[in-house]
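The feature transmembrane segment is assigned by Swiss-Prot to 45-65, 81-101, 135-155, 169-189, 210-230, 242-262, 274-294, 308-328, 331-351, 375-395, 412-434, 458-478 (among others), with sequence analysis given as support.
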Amino acid sequence: MDLRALIGVIEIPDLKKFLPEFILLLLAFILFTLELFIKGKERRLVLNVVSYVGYFSVLMSLLIPWMYKGDTFYGNFTNDPLAVTVKIFAVLITLAILPFASSYFSAKKSFYGEFYYILAFTLLGVFVLASTYNLIILYVALELVSVGFYILTALLRGSTEAKEGAFKYLILGGLSIALASYGAAFMYIYSGSLDLREILTYQGKDIHYLVLGLVFFLIGLAVKIGAVPFHYWVPDAYQGAPTPVTALMASVGKLAFFIPLVRVMPLVQEKFSLVWTITVGVIAALTMLYGNLVALVQKDVKRLLAYSSIAHSGYIMAGAAVAKVIGMKAVIYFLVAYAVMSAGAFLVLALMEKNPEWQNYMENFYGLRFNAPYIAFAFFVYMVALLGVPPTVGFVGKALVFMALSFDKLWWLAFIMILSAAISTGYYIRLVVVMYMHEREKEIRSAPSHLGEKFSLFALTLASVLLGVLPSLVWFLIKQSAENLFTG
C-alpha cells in the first residue's frame with residue numbers, strides 16, 4: 001500500500017486540545033520521579049511546590065478560548081462547554097484541598113509522597129471522563145478515577161477504619177465497573193457502536209438489548225455516585241479515608257461520576273423519556289429520604305456528612321429525572337454547588353483533626369465558636385448552604401431542581417424533595433445550635449492553620465455565599481453546557 005495514501009486517510013488528532021491532560025500526565029510522572037529520588041525534609045516542600053505549579057498550569061490551559069471548540073481523536077474526545085466547566089471546577093477544588101492534605105499528614109506524623117502523584121493520575125481520569133462518549137475510554141477513565149480513590153482511601157496504613165472503608169469501596173466499586181461493562185456489551189450488540197451518541201440514536205429492532213444495556217450501565221453509575229440501594233460503601237469509605245481525601249471524593253469524585261449520567265440525559269428523551277423519568281425519579285426519592293433519615297441519628301459528624309452526601313446525590317438525581325434543558329441546567333449547577341459546599345465542610349473537619357485530642361463526635365462541637373470562631377463561622381456557612389437556606393449556593397441549587405420538577409409536572413418528586421429537605425433541618429440546625437448556643441463542655445482548640453488553609457477556607461466560604469447571591473457568575477458556563485448538549 002502507498003504510504004502516502006495511508007497517511008492521507010489517518011486523522012491526526014488536534015494535540016492542543018489534549019494540553020490539560022498532557023500537563024496532568026507529565027505532572028504525575030514528575031511527582032512520581034521526585035518522590036522516588038528526593039529524600040529528607042525537602043521532599044514535602046518540593047512535591048507541594050511542583051503540584052501547585054502543575055495544577056495552576058492546567059488551570060491556565062483550560063482558560064484558553066480554543067479549548068471550548070470541537071471534537072478530536074476521531075470524535076472520541078470532546079472539549080465541549082460541559083467538559084471544560086467540569087475540568088475548571090475540578091482543578092479549583094483540588095487546589096483548595098491541597099494545602100490541607102500536606103498539613104493533615106504532617107499532623108498525623110506521617111508523610112505519604114504517593115498522595116501527590118496518585119492525586120494527579122486521579123484528576124487525569126476525571127478529565128478524560130468529562131470529555132468522552134466512547135464506552136471503552138469511559139471504562140478506562142472510570143477505572144483510573146476509582147483505583148486512585150481506592151488507594152487514597154487506604155492511605156493511613158495504621159488505620160483499621162481506612163482499610164475497612166477502602167475494602168468496601170474496592171469490592172462495590174469493582175462490581176459497579178463490571179455491571180457498567182456488561183451494560184456496554186449489550187449496547188454494542190444492539191448498535192455495533194461504542195459511541196453513546198450513536199447507540200442511543202440508532203434505530204435497531206432488538207431494542208431489548210439497548211434497554212438491558214442501559215439498565216446495567218446506569219446501575220454501575222448509581223454505585224459510583226452512592227445512590228440508594230447501592231450506597232453501602234459511602235459511609236465507611238468517607239469515614240475511614242483521610243479527611244482531605246474524603247473532601248476530594250465528595251466534591252471532585254461526585255462531579256466526575258455524574259458526568260456520564262448527564263451526557264446520557266439528552267439522548268434518552270426521544271425513546272425512553274417516561275421510563276427514564278420514573279426509574280431515575282424513584283431512585284432519587286429513595287436516596288433523598290434514606291440519606292436524610294439516617295443522617296438524623298448519627299453522632300459522628302464525618303459519618304453524618306457522608307449520609308448527607310448520599311441525600312445530595314438524590315437531589316441531583318431528581319434534577320436528572322427531568323431529561324430536558326431545564327433539568328440539565330439544574331443538575332450541572334447543583335453539582336458545582338455541592339462540590340464547593342462539601343469540600344468546605346470536610347476541610348473544616350480536616351483542620352480540627354490536626355489536634356490529636358479531637359474526635360468528630362457531636363459533643364466536641366459544643367461551644368466551638370469560643371475555641372475556634374472563624375472555623376465555626378465557616379462550618380456554619382456550609383451547614384446552612386447544605387440545608388438550602390437563602391442566599392447560599394445550596395438554596396439556588398435546590399430551587400433550580402424544584403423549578404425543573406415543576407416544569408415537568410413531577411409534583412410527587414417535588415414533594416419528596418421538600419420533605420427530605422425538611423428532615424435534613426434536624427441535623428444541620430442541630431450542629432449550628434451546639435456550636436453557637438451551647439457552652440463548651442471541654443476545651444479542645446483547633447491546631448494552628450497556615451496561610452494556604454486559611455485562604456482555601458475563605459475562598460470556599462465566600463463561594464458558598466457569592467454563587468448564591470450572584471449565580472450569574474457561573475450561569476453562562478452552565479447554560480452553555482446544557483444547551484450545547486441538547487442542540488449539539
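Note that Cβ sites are derived from N, Cα and C of the backbone, with glycine treated the same way.
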> Would you call the transmembrane segment (135-155) and the transmembrane segment (169-189) in contact, using three or more Cβ pairs under 8 Å, pairs 6 or more apart in sequence?
Replying inline: yes
> Given the transmembrane segment (274-294), which of the listed stretches 45-65, 375-395, 412-434 has the most Cβ pairs that are under 8 Å apart from it?
Replying inline: 412-434
>> For the transmembrane segment (210-230), give me same-chain residues lying six or more residues beyond its boundaries with a C-beta closer than 8 angstroms to one of its C-beta atoms, as numbers and ranges.
In response: 142, 146, 172-173, 175-191, 199-200, 202, 204, 254, 257-258, 260-261, 264, 268, 272, 279-280, 283-284, 286-287, 290-291, 309-310, 313-314, 316-317
>> Can you tell me which parts of the same chain pack against the transmembrane segment (45-65), counting only residues 6+ beyond its ends and a CB-CB cutoff under 8 A?
In response: 19-20, 23-24, 26-27, 30-31, 34-35, 38, 84, 87-88, 91-92, 94-95, 98, 102, 113, 116, 119-120
